[in-house]
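**Student:** Input: one structure, supplied below.
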């Protein structure tokens with residue numbers, strides 16, 4: 001029937017249930033496509049320098065998705081491409097995922113540890129996503145974290161960047177310390193702090209340049225490039241990188257492995273809540289009774305003592321009362337009575 005009609009006429013003759021089904025199915029595919037495009041994988045650029053035998057921390061934050069089965073790590077070198085870790089399946093000796101939750105429900109941390117690093121670990125590491133049905137994954141040549149490994153017999157590098165803090169916990173309003181030690185000189189160029197990774201990262205402190213007012217440098221020594229973050233809030237949560245830049249050509253020369261900052265809201269204790277829930281000038285009737293009960297009892301005790309003393313005085317003998325109360329006139333009458341007896 002619809003084959004001989006135009007598209008609008010055909011749709012007009014369809015039952016309402018088919019029209020509803022068409023409306024549901026078409027946006028469904030579009031929304032699924034947009035949700036896949038909303039994914040964003042954030043990882044530091046590097047290069048990072050690690051000594052042979054140490055542990056390498058590779059950070060990766062996926063924004064907009066928390067599906068473990070669709071994320072994996074791939075190492076690309078001049079020789080080949082190798083899968084380092086797959087969150088969906090497989091056994092990878094020496095590689096462990098970082099178990100860490102984020103404050104945002106759709107932001108997930110897919111960072112990994114590589115233990116006992118060797119020279120074979122030199123290369124560029126990509127945190128990539130795949131569709132879950134095939135092993136095809138998308139990688140871009142300008143992304144990934146490059147890693148350099150110093151062997152036991154290699155000469156000392158001209159620069160080391162050490163960020164010893166993997167995780168820092170703070171409370172709203174606190175001042176947080178982010179540690180960075182730079183050993184060596186390297187090429188001429190500044191040291192900068194960044195929050196985040198990829199194109200969305202933000203420069204927060206530039207030694208010798210313009211910086212945010214809430215960040216201050218510590219600089220306890222010439223090698224100390226640590227900073228203080230004052231009055232932190234939930235917006236300050238994230239990963240911070242201490243990075244060395246080369247002035248000519250203007251490029252990133254070396255990066256630290258990053259420090260993750262988590263900020264929690266300041267909580268009020270139960271005792272503080274009791275004191276702050278009611279004004280200090282108000283008091284319940286029970287409280288008034290507790291305060292005034294000792295005072296009332298004290299007044300009753302004093303009154304009772306006074307009554308007992310008055311009662312004891314009124315019951316004294318008449319002779320004692322005459323002697324005690326005799327005045328000058330009474331003394332003369334007593335003297336006259338004694339003379340008459342003589």
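Quick reminder: no glycine exception, Cβ is built from N, Cα and C everywhere.
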**Student:** Have a look at 288-308, 309-329 and point to the one annotated transmembrane segment in Swiss-Prot.
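**Tutor:** Among 288-308, 309-329, the range Swiss-Prot annotates as transmembrane segment is 288-308.
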**Student:** Measure from the Cα of residue 231 (N-linked glycosylation site) to the Cα of every one of the recorded positions 60, 116, 179, 180, then give the nearest.
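**Tutor:** So, spelling it out, the nearest of the recorded positions is 179.
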**Student:** Taking only same-chain residues 6+ apart in sequence, whose CB is under 8 Å from that of residue 179 (N-linked glycosylation site), what do you get?
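**Tutor:** The answer is 163, 164, 165, 226, 259.
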**Student:** Return one of helix, strand or coil for residue 231 (N-linked glycosylation site), based on DSSP.
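**Tutor:** DSSP assigns residue 231 (N-linked glycosylation site) to coil.
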**Student:** Could you tell me the C-alpha distance between residue 242 (disulfide bond) and residue 116 (N-linked glycosylation site) in angstrom, no decimals?
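**Tutor:** Given the Cα positions, residue 242 (disulfide bond) is 24 Å from residue 116 (N-linked glycosylation site).
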**Student:** If one looks at the chain holding residue 116 (N-linked glycosylation site), which residues at least 6 apart in sequence have a CB under 8 angstroms from its CB?
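**Tutor:** Correct list: 53, 55, 94.
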**Student:** Summarise the model confidence on the domain 'Ig-like V-type 1' (33-143) as a single mean pLDDT, whole number.
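**Tutor:** 81, rounded to a whole number.
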**Student:** Of all the disulfide-bonded residues here, 60, 242, which one's CB has the most other CB atoms within 10 A?
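**Tutor:** That would be 242, with the most Cβ atoms nearby.
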